[in-house]
Amino acid sequence: MGKKRIYELAKEINVSSKDIIEKAQADGLDVKNHMSTLDDASEKHLRNAFKKNTTTTKPEEKRTPKFRSSKTGKTVVKKSDHPAADGTKGIQRLKSSNNESTTRNNNNNKNGNQNRNNTNGRPNNNQNRPNNNRNQNNNRNGNRPNQPKRDEKQDRIRASVAEAARMAAQANREIANEKPQANRQRTNSAKPGEQRREGRNNQNRPNNNNRNGNNVNRTNNNNRPNNNNRNNENRPSRPNNTNQTTNNRPANNTTRPAAPAATTANNSGEKKQDRFSGRNNNSRGGNRFGNNQNRPFNKENRKNKKRNRKAKRDGRMKETTNKVVTVRKERPLPDVLEYSEGINVAEIAKKIHREPAEIIKKLFMMGVMVNQNQSLDNDTVELLAADYGIEAQQKVEVDISDIDKIFEDEEKNTTNLVSRPPVVTIMGHVDHGKTTLLDKLRHSHITEGEAGGITQGIGAYQLKHDDKLITFLDTPGHAAFTEMRARGADVTDITILVVAADDGVMPQTIEAINHAKAANVPIIVAVNKIDKQGANPNHVMEQLTEYGLIPESWGGDTIFVEISAKLGQNIDELLDMILLQAEVLELKANPDQNAAGSVIEAQLDPGKGSIATILVQQGTMHVGDPIVIGNTFGRIRTMVNEHGRRVKEATPSTPVEITGLNGVPEAGDRFVVFDDEKSARAAGEERAKRAQMEERKRSNHVTLDNLFDSLKEGEMKKVDIIIKADVQGSVEALADSLQKIEVEGVRVNIIHKAVGAINESDVTLAAASNAIIIGFNVRPTAQAKQMADSEDVDIRLHRVIYNAIDEVESAMKGMLEPVYEEEIIGQVDIRETYKVSRVGTIAGGFVTEGFITRDSGVRLIRDGVVIYEGKLGSLKRFKDDVKEVKRGFELGLTVENYNDIKIGDVIEAYRMKEVPVE
């Protein structure tokens, strides 16, 4: 059996949770609130304890729930919704039907009618009325025979009953006029032995439906809440054909004659209603007489409502007039008024705890007329402070938007310094084994997920060696990612230079050495791939000595470790060297100050928004901290470590991925945590404004000096490109690589570059600009793809940067106008000429060199001078048109639009050949 909570046990044994908690705590059980759980033994103990209490104490009678009427303001007894009417019980005899009786018989008779005892001294006119089914005249009680036709004696009895009812109705009306308030509240009480529901006012209400010509009397006993303020009126029949009545009606709700026992039988014949009996008739248009007796009470209710409204209004007015005006306590003046440049009266009033009107009055007496929003100069502020007898001190303004200065100040903080893990950057040439080394260190498979085996983004990871943490940054090795690698060198403490033993020093190896030296970062050389055939570690050492990296074995200070990342050889030795170098550097940070650090990578996620991978360099970052990163700001919503788990804080040298920024920062931006969100927002907005102004300043305006260059650029063709990538570093790298492509006569024009998937806005821009969209590790959305198909926009998707660069270069070369050069293909000597009308001069000749074609261009040369240049009109051999005549054959030809051909002329045939762009 499972554990049970306190509130569940309280419901089962009908005891409040508070009592159970007090009892459990008194017995030494470990419970705190109603959600605490109990084992089986504790539950059994508490059940027995409260069972004994309930058997020894007398059961408390259930109190009738009361509520305060929203209309009259009086407390009335709340009724239950529906009484249970059971027509199967036997008929019980009425007990104590005396007018002065205070008990009520709540037993149900067999016909479903309930007898109600009158408690206000009125005659009890309730009667048991038959419950006849619709369209049926048979008696539901089978043991009662139908009554025969009335005799004269019964007629006399009925007449006397009607007379008695009329007299009773008249008496009740007189009583109601004298005491209209007597019927406001009716209390019901039951005998101790009777079972009844508390707070119910059972009423016998007739349900008279005239259907199919039969006058069927149906009694529907519905107990409804007794609302004091309802107007007493007999409403038309509802769907259930029950008339609701309230306590604001006269005491004789249904003044029916006290019929003898013979009248309780169900008569199958027609049954007449007494005109003056005051019964509730549910037929439409009924109750012509019974409803008139309620009119005095309706008037009285309206008067009562008016009196109540007037009393409430008078009470509110009285409270307003008697309200005491609180006197504001005057706060003491501060010792020093600290003001800033351009402070106004309203701000001074807040600082010295005085009203602005008082300060304006003082300034007016000094001859200075200002309002509370006007700025005051420093002299006026000092005079005002002297008048109040306090010292004025100008506040030193700090530029909170200069986060670089704040970052440097945080780095210089030398209090509460503790050791921190080293940050290690792995650098090297393409395919020299950087990612494989990190893969071996982390026991994961990063390389398999990289496109083409090349690391396309920057990653940050932590691992533990000898109970000490080491943070690794994996910067990509391709030359296009120079900026990313430079940013990685700025945040690192130690650089591991991976060099393949079979390849030696390569261009990116030299570049990595220069970055590390520029950042004053110590270098540990890892000579990789020593397991391969042809590996020569000594040759690598000789090459690196040219760049100042001399091994310790050769008398230098550079650590060299020969490893095999693939086999895991000497990996532990490399980690030991890293920890040894970290001890020499004495890396420390203050975890108690506000966090500061750098952005490793940033991207826009469709589900999470702006995401930034950051490295905390100083202080401790917490979830919820207000932060400014570059030109963006926000409050940290989530922090995720390299394993994808959420963390609440990040200590120095810890890489985390954060969300909650208002934009995507640039990779390499610095960040600073502020004390409050207001300051962070102000700093972020100010930095964004300054960046926008600098961008506008960088825009090139046409001057006389650069006018010619601008015109020359206008002659050049351009390739409009839109770049979308997964991370900011990839966007920058791809843009720089494309702009470095050199094709004479064509230039790259990047009209838009951003992080994220290719969307409809990008396609719209490309369609308007006739641009090509290049997606790097991203895909277009379904809507964007559909729009691109309809707009004929070219979208090129790539995962490797080489392919993207080559494709754009090919497109640039294809945009140049084709270059043609002339090629001489043949020569014809003219030996005979014929003049034919309608055709012109026909020349007969012999092909001496090459060949001549029908579509080739020709030149007519006479005595070494070109006389005419044009096209062939026709080319024939004998009488047949031919396309080509080769060397050694005779031919006949005509020159288009030229007839001055003479014997001895030479016709040179040529064609224009397209030269490919280099």
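Using the three backbone atoms N, Cα and C, a Cβ is placed for every residue, glycine included.
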353-357, 453-457, 698-702, 883-887 - the one Swiss-Prot records as region 'G2': 453-457
Annotated range (Swiss-Prot: region 'G1') out of 428-435, 532-539: 428-435
DSSP-derived class (H/G/I helix, E/B strand, else coil) of GLY428 (GTP binding site): strand
Packing count at ASP431 (GTP binding site) (other Cβ atoms within 10 Å of its Cβ): 17
Neighbour tally for GLY428 (GTP binding site), based on other Cβ positions within 10 Å of its Cβ: 26
Secondary structure content of the compositional bias 'Low complexity' (159-174), with strand meaning DSSP E or B: 16 helix, 0 strand, 0 coil
Three-class DSSP secondary structure - LYS434 (GTP binding site): helix
DSSP residue counts for the region 'G4' (528-531), split into helix, strand and coil: 0 helix, 1 strand, 3 coil
Nonlocal neighbours by CB distance (under 8 Å) for ILE530 (GTP binding site), same chain, sequence gap 6 or more: ALA501, PRO537, GLU562, ILE563, SER564, GLN569
